[in-house]
Amino acid sequence: MDKLKAYKALTKVIPQDLVLLDEPMKNHTSFKIGGPADIMVIPETIDQLKSAIKLSKENQMPYFIIGNGSNLIVRDKGMRCIVIKIAEQFSKVSFQGNTVIAEAGILLSKLSKKIMAESLKGFEFASGIPGTLGGAITMNAGAYGGEMKDVVKGAHLLNDNGEVRYFTLEELELGYRTSIIQKQGYIALDVELALEKGDYQEILEITRDLTERRTTKQPLHLPSAGSVFKRPEGYFAGKLIQDSGLKGQRVGGAQVSELHSGFIVNVGDATAKDVLDLIQLIKDRVYETFHVQLETEVRIVGEE
């Protein structure tokens, strides 16, 4: 695997300013941690995206897709691969009656505002979820009683052979924090949402209420990756962590949030090792106290 050879091949078909060598992943994750990616490509077109995938295969370099990096922990040694970032360069939105077709790179917060402006309801739950639409459908993101599978009609997905196909809701296999996209390594290009006509003022009030609940109950002022753990059946992860005496627990620059124990926050120059050591401490303590095995919701990637 020769990263310089791959870099040269990529810059022949993709503008050089969109291909970054040894790019620090802390600049591309909401946790603000993570070592360098060998190569990062930020494609602006589907053709550039396909070229990046094709060349990664030809150069025997694996590729990894990110959006806003808001559900991601990258280890300190970084990533020995080509990271392909699908973000604001893919953020077109169109409306056809109550149907919304949005590209995968749009932030959920921006999409929510556009949907609200059309007086369409059903997407309010997603208004405060950090991250892109592509990331949200990949993990079937949800909050406050709603999740992506409630509003998704279908999506265009790209496979590693460069083929694009439309998948229906059923074919997407959206489950609790999972989907066929995640299982098969597909890439979401755009998503079709089926919503309902609503009253603008009511939609605005619901959105404001959810925003207020988030602001008062979640540590939005500090870098984090959102909820660290999946919800164990019959329990709430945050309550188990708090009742295990871990609220405010710190390892290096990583801390269990004082505001919401389900969050780990970066209180200053945290390393991925700090975060991962704290995750292990939490898992061990919760198991010792309640005999409940916590599973991480965040994706943990990179070289050990």
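Backbone N, Cα and C define each Cβ position, glycine as well.
Under the heading domain 'FAD-binding PCMH-type', Swiss-Prot lists 33-213. Among the features that Swiss-Prot reports, active site is placed at Arg177, Glu297. Taken from Swiss-Prot, the feature active site, proton donor applies to Ser227, supported by sequence analysis.
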- Task: Please give the average pLDDT for the domain 'FAD-binding PCMH-type' (33-213) in this predicted model.
- Result: 97
- Note on the structure: Neighbouring CB atoms within 10 angstroms of the CB of Glu297 (active site), all protein chains considered, total 19
